[in-house]
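Taken straight from Swiss-Prot:
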| type | residues | note |
| --- | --- | --- |
| BINDING | ASP134, ASP136, SER138, MET140, GLU145 | Ca(2+) 1 binding site |
| BINDING | ASP200, ASP202, SER204, LYS206, GLU211 | Ca(2+) 2 binding site |
| COMPBIAS | 12-21 | compositional bias 'Gly residues' |
| COMPBIAS | 22-40 | compositional bias 'Pro residues' |
| DOMAIN | 121-156 | domain 'EF-hand 1' |
| DOMAIN | 187-222 | domain 'EF-hand 2' |
| REGION | 1-80 | region 'Disordered' |
Amino acid sequence: MAGYPPNPGSGYPYGGAGGYGAPPPPYGSSPAPSAPPYGAKPPKEGKTSSSSAPYYGGGGGYGAPPSTQPYGSGGGYGAPPSSQPYGAPYGAPPPSSAPYGAPGGYGSPFASLVPSAFPPGTDPNVVACFQAADRDGSGMIDDKELQSALSGYSQSFSLRTVHLLMYLFTNTNVRKIGPKEFTSVFYSLQNWRSIFERFDRDRSGKIDATELRDALLSLGYSVSPTVLDLLVSKFDKTGGKNKAIEYDNFIECCLTVKGLTEKFKEKDTAFSGSATFTYEAFMLTVLPFLIA
């Protein structure tokens, strides 16, 4: 992305375990014979359970075109793990670790953020950008400071998108981030910008439903046509008239899909594409994405 310093030579970009450009297969791209049929009887009262895979498509590697099979003819969502971590999307942290500086699981969304430091080899421009935003020298920057810092690199985001970024990279709603989280946000945005430009094939500054589907597949998320239509309608600034989304809304869309999928997989311990939540866990999972 124009104006961004290059990623560190150590390959720091957030979660790039397989090397940039080579993410694991999309979550749900292999058969899942153990998954119950769509529309299965819901669990007992007091629990909320997602249905098993209604209609999820398979996908290829990073940047690959959709499969020659009809969309959705691949394996069910929630397929058994391959040699890669179960469904780990491009840009995800190792499955054994919580987001930077955050406790794991479904703890309080207002838990304190653990102080952090810049990872070794962080680009000096990233350090300078953070320090310029950290006006009080506290070692933390808030939502408006992050918004201002990103705008210096031609990244104009709404506060809602900034709040989602902060939540996804800290797993808290304290709306402050430290050096390590800022570095992760910075390089993840750089990578997502590259993906957006890769799939904006007509260079319109927008991506349509087909381009969004391919972009999400490259990130490791295989969503059904119904979900895809909902995403486009939600994030299209014209209310669905253009049936296309711009870059800033693309980021918000990716953050929403990424966050909800990762929260779901924390409960899908049987790799079945189905999970059971208590009422409180369900509310704590969904509400941060609604009230960001």
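Just so you know, glycine gets a Cβ as well, placed from its N, Cα and C.
Shown on the structure are the features that Swiss-Prot records.
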| residue | record | Cβ neighbours (10 Å) |
| --- | --- | --- |
| ASP134 | Ca(2+) 1 binding site | 18 |
| ASP136 | Ca(2+) 1 binding site | 9 |
| SER138 | Ca(2+) 1 binding site | 11 |
| MET140 | Ca(2+) 1 binding site | 20 |
| GLU145 | Ca(2+) 1 binding site | 20 |
| ASP200 | Ca(2+) 2 binding site | 19 |
| ASP202 | Ca(2+) 2 binding site | 9 |
| SER204 | Ca(2+) 2 binding site | 12 |
| LYS206 | Ca(2+) 2 binding site | 20 |
| GLU211 | Ca(2+) 2 binding site | 20 |
Nearest-integer angstrom distance between the alpha carbons (Cα) of ASP136 (Ca(2+) 1 binding site) and LYS206 (Ca(2+) 2 binding site): 38
Within the predicted model, mean pLDDT of the domain 'EF-hand 1' (121-156): 89
Counts by DSSP class (helix H/G/I, strand E/B, coil) across the domain 'EF-hand 1' (121-156): 19 helix, 2 strand, 15 coil
Rounded distance in angstrom between the Cα atoms of SER204 (Ca(2+) 2 binding site) and ASP134 (Ca(2+) 1 binding site): 35
Conformational class of LYS206 (Ca(2+) 2 binding site) under the three-state DSSP mapping: strand
Neighbours of ASP134, ASP136, SER138, MET140, GLU145 excl. site residues, C-beta within 8 Å of centre, Ca(2+) 1: ALA133, ARG135, GLY137, GLY139, ILE141, ASP142, LYS176
DSSP three-state assignment for GLU211 (Ca(2+) 2 binding site): helix
